[in-house]
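Quick look at what Swiss-Prot lists:
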TOPO_DOM  1-27  topological domain 'Cytoplasmic'
TRANSMEM  28-48  transmembrane segment
TOPO_DOM  49-54  topological domain 'Extracellular'
TRANSMEM  55-75  transmembrane segment
TRANSMEM  78-98  transmembrane segment
TOPO_DOM  99-112  topological domain 'Extracellular'
TRANSMEM  113-133  transmembrane segment
TOPO_DOM  134-149  topological domain 'Cytoplasmic'
TRANSMEM  150-170  transmembrane segment
TOPO_DOM  171-236  topological domain 'Extracellular'
TRANSMEM  237-257  transmembrane segment
TOPO_DOM  258-271  topological domain 'Cytoplasmic'
TRANSMEM  272-292  transmembrane segment
TOPO_DOM  293-298  topological domain 'Extracellular'
TRANSMEM  299-319  transmembrane segment
TOPO_DOM  320-333  topological domain 'Cytoplasmic'
TRANSMEM  334-354  transmembrane segment
TOPO_DOM  355-374  topological domain 'Extracellular'
TRANSMEM  375-395  transmembrane segment
TOPO_DOM  396-402  topological domain 'Cytoplasmic'
TRANSMEM  403-423  transmembrane segment
TOPO_DOM  424-518  topological domain 'Extracellular'
REGION    477-518  region 'Disordered'
COMPBIAS  477-506  compositional bias 'Polar residues'
Amino acid sequence: MRDFQSRFADRYNQITNSYSYSSSRQGLITGMVNVGSFFGCLLSSPVADKIGKRLSIIVWTTVYLIGIIIQVTTVPSWVQILVAKIWTGLSIGALSVITPGYQSEVAPAIMRGAIVTTYQLFITLGIFIAACINMGTHKYSHGTTAQWRISIGINLLWGIITLVGIIFLPESPRYLIAIGKDDEALKIMCYNNDLPLEHEIIQTEYHTIKSDCDAELAGGPARWPEIFNANIRYRTFLGMAVMMFQQLTGANYYFYYGTQVFRGTGMDSPYLAALIPDAVNCGCTFGAIFVLEFFGRRSPLIVGGIWQYICFFIYAAVGDRALYHKNGTSNHRAGAVMIVFSCLFIFSFSQTWAPAAYVIVGESYPVRYRSKCAAVATSANWFWNFLISFFTPFITNSIGFKYGYIFASCNLTGAAIIFLFVHETKGRTLEEINTMYASNLKPWMPHPEGYREFGREQNNATLKSHIGLNGETTELIENTDNQGDSGSFQTSTPDDSRPEQNQASATYIRPDKREPRL
């Protein structure tokens, strides 16, 4: 957009009467929002733990609105744009952690995966709407700030919708139980599930959350160094790796620099060319809801990584070898091939890596560490997002479309990481997931039924310890000693001669509790 360039670009060509950016300024303007998002992720955990996720969303949305206002009112100072982007990024990063967590805690268990996937769906919808707005405003007459102020200012609408909408939504039941408001939490759970209080689903979920909160209260809030202790370190680094490779798939190479990328393919309207993959991205994300619920998490990530490797390799090869004729003109057929494989890449990404990475992170951590581990994992995502957005202009100026070979190899590596290290979490309870990661089972090996049964026994024992079974109390006792490679489940019956110990107890002796070392 010429008016935006005339205000913030650092290069002017008198011959062509055009403005352009140096690689450093373009990288900074594009990438500084990710710097703010990185720190916003880390700030999200203490704020949410203190005031709850619902109120946190209100606070961070207000921060977001202030950042947009600063951008819209910018005078010809690119430094103000950078500061405003960092400020806005703080809220975006925090909300990228809090919002999926809020969704997973409020949603009925049977719909949890699908509802969390809508987070990514609305991200893609926002990208598509932004592309449409850019398409409509870039032809505004030169000299008017409407070209870019409308594109930025429209974001105020989404912030206001979020701010008003969250007022009518309930607080997370988990947070309410943690602060002792159990009755209010139960009312919300009954309303969200459309079930009566005495229903087994409500009682099971309530007592599971209650036991989790009691355990967290007994151990105290997790401190940041604890997420790198031996018992959780494996999953902490694994979550960071999954979110890192979500960025290294190269999707944002298209979304950030789509107009520049497709201008090189010979398209007359680069804005229209960039709109095509955005539309594919938005439309195909609807399929992710069914893909993740039907095929799980591991398989879509592995297949998606391989698919995306093939697409990026062909894209890079055509761009490097066939896009330009010897006289320097564009080969439009080669350009069309590149756009097709860009769309095929996004078709896969929008249904696999885009939503599944967030679902994996949301399902993999024990309750006590969840908020901090999710914050660190998501901050890794924003950190690599910044590196890609900042260095892409330098790299493309140096090696052109060969850049795609790097992303192709990263897609293949990401698929290998998922195959080797990530367990399937679909349909498993938190206790089952903890058991899988604490055992020596390999993710690609069949899981013995005993490990799933142990997770169920833990849930049942937790429930019985609260509501009683035939007038008695059942208590689960976990043996923390290493008992070898196999596990067993032992029970003891009440001793009538000792009334003070007249309770049933169950002890599960399981494999090595330590998580695999990286």
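Just so it is clear, glycine is given a Cβ too, placed from its N, Cα and C backbone atoms.
Fair warning: this is a prediction, and the values are worked out from it, not measured in the lab.
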Secondary structure composition of the topological domain 'Extracellular' (293-298) [DSSP: H/G/I, E/B, coil]: 4 helix, 0 strand, 2 coil
Confidence summary for the topological domain 'Cytoplasmic' (134-149), mean pLDDT rounded: 74
Feature contact check the transmembrane segment (113-133) with the transmembrane segment (334-354), CB under 8 Å, 3 or more pairs: yes
Contact call for the transmembrane segment (237-257) and the transmembrane segment (403-423): at least 3 Cβ pairs under 8 Å, seq gap 6+: yes
Stretch contact, the transmembrane segment (150-170) with the transmembrane segment (28-48), Cβ-Cβ under 8 Å, 3+ pairs: no
Same-chain residues at least 6 beyond the ends of the topological domain 'Extracellular' (293-298) whose Cβ lies under 8 Å from its Cβ atoms: 113-114, 356, 359-360, 363, 418-419, 422-427, 443
Top partner of the transmembrane segment (78-98) among 28-48, 113-133, 272-292, 299-319 - counted as Cβ pairs under 8 Å: 28-48
